[in-house]
Ligand SMILES: Cc1cc2nc3c(=O)[nH]c(=O)nc-3n(C[C@H](O)[C@H](O)[C@H](O)COP(=O)(O)OP(=O)(O)OC[C@H]3O[C@@H](n4cnc5c(N)ncnc54)[C@H](O)[C@@H]3O)c2cc1C
């Protein structure tokens, strides 16, 4: 029997119908197209993965499905490894082409992509991958990269996807039965209060409300854990799962900027979009950023992999209100602002002297917007492992007085401190026994005694760190690191700065 020829668009972290090169290429080709997403058990079981990510993906696919259904088209989501699904499909159809986006992911997805490519080659199936976010595959230096990013990605026209011309495939009922044999756990299929909902529709809603209204407080609220929740764009999970393309965000922003008087806030937001690609390119340049310090000399830091301090940090029970509130908020909502992310990492690695890898894994699970290319380079930077970034050790008590002076954020997430006056929230352990009684918060029973004496430990660990950072071995490798990961402008800045403050 002659099998019907089809193409496949394999969706991964590109869950949208706009500005989508694989989709546009499949439409151009003209063959019936199977739109496919695989909930891969191997990925769902990896340590960085959490139900919150797959729920977001499920919601995003449901959004696409609803919009396709209006046009009598559809996609298929299968709870199975992708190669197994492709093998099932070949029993029924002759696959001519598989289209997908390149993914700058963790090692397991990188290996999976290579395996799919190999499988396609062995089957005589063409496999075409398209770049996204301006990331250049295999690039080992940054000469000219920034210009290329602006010209070839951000300023280039968004890809038009003519959905009317898209011919999606309605699959054979026997294959459909195979596709539906392993249903997703119900916890993935039900909405969880407190989290952003997935989907291209929501992505554009968040973006529009940011441009129209919320951005006016962007700079002022960026570092505030409470105010940032509405004043930042909150586009991160949508960008991470590709519900909206970075190029479309940039282009709509530029169009808006040309008519807006508010350059102060919007230009700062614009620079974040540039940073996004800049960081993702780092992981593309060297996948080992996920597993090893960028400057290998820092393995000598010999930080703890686990233990009771890790547990206290991970559960938000360190006795430092801003650390605990940030961690608990993250657990309940999947989002916290940049400053508090940086503080959580610097507190774990510089104060508690915990190894960056379990810290990175724990946060990856909690961040709804887990984007490996931003996450690992940022964690390494905050943990001091690049050897060229300015060392920032955030004092959690200062963060309270500067960024939550009224204690609104802390009281929401650490209810044990509800009755404590805001003036005492930076250092609640200094409350007298009488105050503790008066404010219904006994330190040591209602709320933990702080794990460490911050000032003392921070000073000791700073010394420990700088001994290694200033060693000849650390400096020897610095120029090759800078060349690999930094733009020429950054190299100049970092070379000038390399002295201990
Ligand atoms: C230790 C650590 C880990 C992080 N891990 C992630 C992650 O896994 N995924 C993620 O999207 N962001 C990560 N960030 C960056 C940043 O905190 C978030 O992107 C931001 O808080 C998301 O909120 P927003 O969308 O409202 O950001 P906005 O301020 O509105 O910025 C718009 C977009 O720009 C990008 N962006 C913003 N800040 C940065 C930055 N510092 N570096 C690179 N890109 C940036 C994001 O895509 C963001 O959605 C991390 C930061 C730190 C310190």
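Using N, Cα and C of the backbone, Cβ positions are placed for all residues, glycine too.
Database features (TrEMBL):
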type	residues	note
DOMAIN	5-135	domain 'Photolyase/cryptochrome alpha/beta'
BINDING	218, 230, 231, 232, 233, 234, 235, 236, 269	FAD binding site
From the centroid of the CB atoms of 218, 230, 231, 232, 233, 234, 235, 236, 269, the recorded FAD site, which same-chain residues not already listed sit within 8 A by their CB, in sequence order? 206, 210, 214, 215, 228
Around the Cβ of residue 235 (FAD binding site), the count of other Cβ atoms that are within 10 Å: 23
Mean pLDDT, the domain 'Photolyase/cryptochrome alpha/beta' (5-135)? 97
Around residue 218 (FAD binding site), which residues of its chain at least 6 apart sit with Cβ under 8 Å of its Cβ? 231, 232, 233, 265, 266, 268, 269
Specify the count of other C-beta atoms within 10 Å of the C-beta of residue 231 (FAD binding site). 22
When you measure from the Cβ of residue 233 (FAD binding site), how many other Cβ atoms are you left with inside 10 Å? 20
Take the Cβ of residue 269 (FAD binding site) and count every other Cβ within 10 Å, whichever protein chain it belongs to. 20
Please list, for the domain 'Photolyase/cryptochrome alpha/beta' (5-135), how many residues fall into helix, strand and coil according to DSSP. 61 helix, 31 strand, 39 coil
